[in-house]
Amino acid sequence: MSSENNAGANLVNQFNAAGELTHLLTLEGLPKEQILHILDTAQQFVSVTDPSREVKKVPLLRGKSVFNLFFENSTRTRTTFEIAAKRLSADVINLDISTSSTAKGESLLDTIDNLVAMQADIFVVRHSVSRAPIEIANHVPTHVHVVNAGDGSHQHPTQGLLDMYTMRHFKQNFKGLKVAIVGDIVHSRVAKSNIHALTTLGCEDIRVIGPESLLPSDLDMLGVKVYHSMEEGLKDVDVVMTLRIQKERMEAGQVPEGDAFFNQYGLTPTRLALAKSDAIVMHPGPMNRGVEIDSVVADGPQSVILNQVTFGIAVRMAVMSIVAGN
């Protein structure tokens, strides 16, 4: 994991010459002040998404064009980015990858060049290839902005930010917080983004729990505590985040059996009881009920999974607003 992240960090330039955030590509190395600025800005946008508000829009991106380029499937991320852009009054174009010229062999950067020629202002990019959004950001003109919506198993910065927002909302601060991330860590861009953000924000007790086959070999370099037992790893934690098994990133024969995984690592009410009584349960989605999480827990009073989705709109509004210069 570290080799991939370090390689990515060497290629990333998220700031312009004036020191302003112009792309959001990774949370690795993003300063604490910048993360807090995004979270604070998102907090201001929460009121825009309030159901009681008659007009759920602000004009910050009026006249701007946001292109959603999703080369991997998505429900929550793509939809909340679209909602966020529209609530900022942007024009939103969702490129249908299956019918675009990339399906005919056009290169990624040639596609980008053509969309820039159509006056694109912001690209929101999800791609199966790690660091593809970084390649795009290094290629586009300086007036065009790129937001990474998840690249391979590398990073998912806006998911990490909305997770930080959720934790801060329910737990107020990160100092003294105990966070457990459970499941398929080795393939998870969400886990990597969360670990980087939590470390930057001062969380000193980050735990990862899973079978050895689903944990990167170099986790100790990130300063996290590694557990192979739920009973040990969940003791007295404030936050439990479960992750799905990413079968699409595994070779044949590597995929754990769902029942066997659930029996050992599924988040059940009994296991959740090992955490603090006011612990919150998080999941970036999509959930596989009965594999990494019990429905009783997913739908229970400690679950903030749907809050994550709601907060994601405000966080993505904040990110697009900030990179566009607001």
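Glycine is no exception: its Cβ is also placed from the backbone N, Cα and C atoms.
Within the same chain, residues at least 6 positions away in sequence whose Cβ sits under 8 Å from that of T77 (carbamoyl phosphate binding site) are F70, R126, A149, G150, H156, T158, Q159, G312. If you look up Swiss-Prot, you'll see R76, T77, R126, H156, Q159, G285, P286 marked as carbamoyl phosphate binding site, on the strength of sequence analysis.
Feature annotation from Swiss-Prot assigns L-aspartate binding site to K104, R189, R244. With a 10 A radius on its CB, R244 (L-aspartate binding site) counts 19 other CB atoms from all the protein chains.
R76 (carbamoyl phosphate binding site) is 28 Å away from K104 (L-aspartate binding site) when you measure Cα to Cα. Most Cβ neighbours within 10 Å, among the binding-site residues G285, P286: G285 holds that distinction in the structure as shown. The distance from the Cα of P286 (carbamoyl phosphate binding site) to the Cα of R189 (L-aspartate binding site) comes to 14 Å. The binding-site residues examined here are R76, H156, Q159, R189; by Cβ neighbour count within 10 Å, the least packed of them is R76. R244 (L-aspartate binding site) is 8 Å away from G285 (carbamoyl phosphate binding site) when you measure Cα to Cα.
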